[in-house]
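First up is the structure itself, then whatever we jot down about it.
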Amino acid sequence: MRLTTVQRRFLVSTKAKVSGASISSTANTGSASAGAPNGQTRRRRRITEFKDALNLGPSFEDFVSGRAAGFTVVDPLEQMRQDREEYKKLPKWLKVPIPKGVNYHKLKKDVKELKLSTVCEEARCPNIGECWGGKDKSKATATIMLLGDTCTRGCRFCSVKTNRNPAKPDPTEPENTAEAISRWGLGYVVLTTVDRDDLPDGGAHHLAETVIKIKQKAPKTLVEALTGDFLGNLEMVDVMAKSGLDVYAHNLETVEALTPHVRDRRAGYRQSLNVLKRAKETVPSLITKTSVMLGLGETDDQIIQTMQDLRAINCDVITFGQYMRPTKRHMKVVEYVRPEKFDYWKDKAKEMGFLYCASGPLVRSSYKAGEAFIENVLNKRKQDNKRI
């Protein structure tokens, strides 16, 4: 019988390792009887495990007789190739330049000095250079993450740190944040928070206080708040909606069928819809907004159903972006959606009556948020003037 290359490699490596194991075992017999140190104990354990693996595998007779075909013997080089293929190559349309520019470095410096956290940095947003580094500061957008940089939840797509008991909120944070915003002269700012299920109010009053102080120090700055679901406590949604913000955002993240696999178990698709619905009911003039990631294995029908659910509660703005795996510990990318498909969903959103839709591989929930807001407010005013 003629052996294959894989089988020959297996036999050669097996023979060498067994010979080495026997010599090592013989050499260590005397010292072992006198009380083996930890290092020798570990070596003996490895030898035993190796012998067990050999006993479970095919014998020389199995190879000669042809019975070895029933055993799975993987070439180590082939296994390495298979592992590499699991990680899809990043398409060219997802590659971005290194962040730079005077405004970018100034924002970065101020954030560090005032001990603020930004989701732009914590979530490794690919658009940080574009949002922070523009020449016109009035069109720049910064997303400040309040209540610390540690979340009490563990969604499978998110790179933000997690802990059941994060540090207590910084009472000076609302004032520091407002000071930073007024110093930067930004036209639009997004406030977001980690989920703080450890706090009785989920951090709603802390976030609302920050909005109020920003409006006092920088009244011309438009404020968007991207909140959590407050564990379904709609009274906390009321607190946020009445704080004076301009846009109330809460992300669905994905379609209903994938929600249990993508988001933390304490989050829920219907629970998130209720947050957006309540915000609009509390302050009808508020622009409500959500974001959905693509590339997680969702179908077109599921996306359309999600959009229909959002329009049913009068959600105004939706954004679509490509899911990008932050680290190997996070869920894998199922598909890199092509730019043309994102254009399709943008057209579909307008067709369904959304006030605005930002859709593209690198789009995130706060991507060019100021530009989107201004454009849509102007469009809405034009429509109102025509009716008059």
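Cβ atoms here come from the backbone N, Cα and C positions, even for glycine.
Database features, via Swiss-Prot:
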TRANSIT   1-18  transit peptide
COMPBIAS  22-39  compositional bias 'Low complexity'
REGION    22-43  region 'Disordered'
BINDING   CYS120, CYS125, CYS131, SER366  [4Fe-4S] cluster 1 binding site
DOMAIN    134-355  domain 'Radical SAM core'
BINDING   CYS151, CYS155, CYS158  [4Fe-4S] cluster 2 binding site
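Mean pLDDT for the domain 'Radical SAM core' (134-355) in the predicted structure: 92. Its own atom aside, the Cβ of CYS158 ([4Fe-4S] cluster 2 binding site) has 21 Cβ atoms within 10 angstroms in the protein chains shown. The [4Fe-4S] cluster 2 site is set by CYS151, CYS155, CYS158; from the centre of their CB atoms, other residues of the chain with a CB within 8 Å are ARG153, GLY154, PHE157, SER159, VAL160, THR162, VAL194, ASP195, ASP264.
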